[in-house]
Amino acid sequence: MTRGPVRLDVAISYALPRAGLPAAVSFRKWVAAALKGRIREADLAIRVVDAKEGQSLNRHYRGKDYATNVLSFPADVPEGLPKGVKFPLLGDLVICAPVVAREADEQGKALNAHYAHLTVHGVLHLLGWDHEDDKEAEAMEQLEREILAELGIADPYAGER
């Protein structure tokens with residue numbers, strides 16, 4: 001676990017009107033919370049997209065022909081990078097606004113809390129966390145709960161199991 005401040009560079013782009021979407025400062029706060037104590041320096045990009053772009057990316061990269069809530073694209077460390085050279089690029093997150101809004105409504109969650117959860121979830125994927133089996137999912141979900149609790153956000157998995 002690392003201590004001290006995180007040097008964070010988060011590029012945020014909106015591919016649809018910003019009305020009703022979280023501000024860039026919120027996304028940065030959620031990313032910083034997910035990285036706190038885990039990494040000291042990070043560069044990443046977040047793109048908030050519509051359903052058409054979300055579906056296109058999910059189809060192209062995952063072979064699934066529907067829009068999903070969040071996609072994580074971890075950066076590859078360049079081959080031949082000298083040992084000891086820092087490579088702070090974490091990767092990219094794509095968050096599909098209509099899917100997030102629909103899920104928040106269906107699950108009775110506050111919209112901003114759901115965005116926070118999915119941002120944290122996506123950042124953890126960029127850090128190498130996964131949920132391919134029950135044990136991995138349980139560990140990742142517990143970490144998400146802890147991070148979100150630090151942000152004052154309720155357990156997003158309450159009542160699911």
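Counting begins at 1 with the first residue displayed.
Just so it is clear, glycine is given a Cβ too, placed from its N, Cα and C backbone atoms.
The Zn(2+) binding site feature in Swiss-Prot is assigned to His121, His125, His131; the stated evidence is sequence analysis.
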Lowest local Cβ density among His121, His131, which the record lists as binding-site residues, within 10 Å: His131
Close in space, distant in sequence - His125 (Zn(2+) binding site), Cβ under 8 Å, 6 or more apart: Ser72, Pro74
Cβ-centroid neighbours of Zn(2+) site His121, His125, His131, 8 Å, sequence order: Val70, Ser72, Gly122, Leu124, Trp129, Asp130, Met140, Glu144
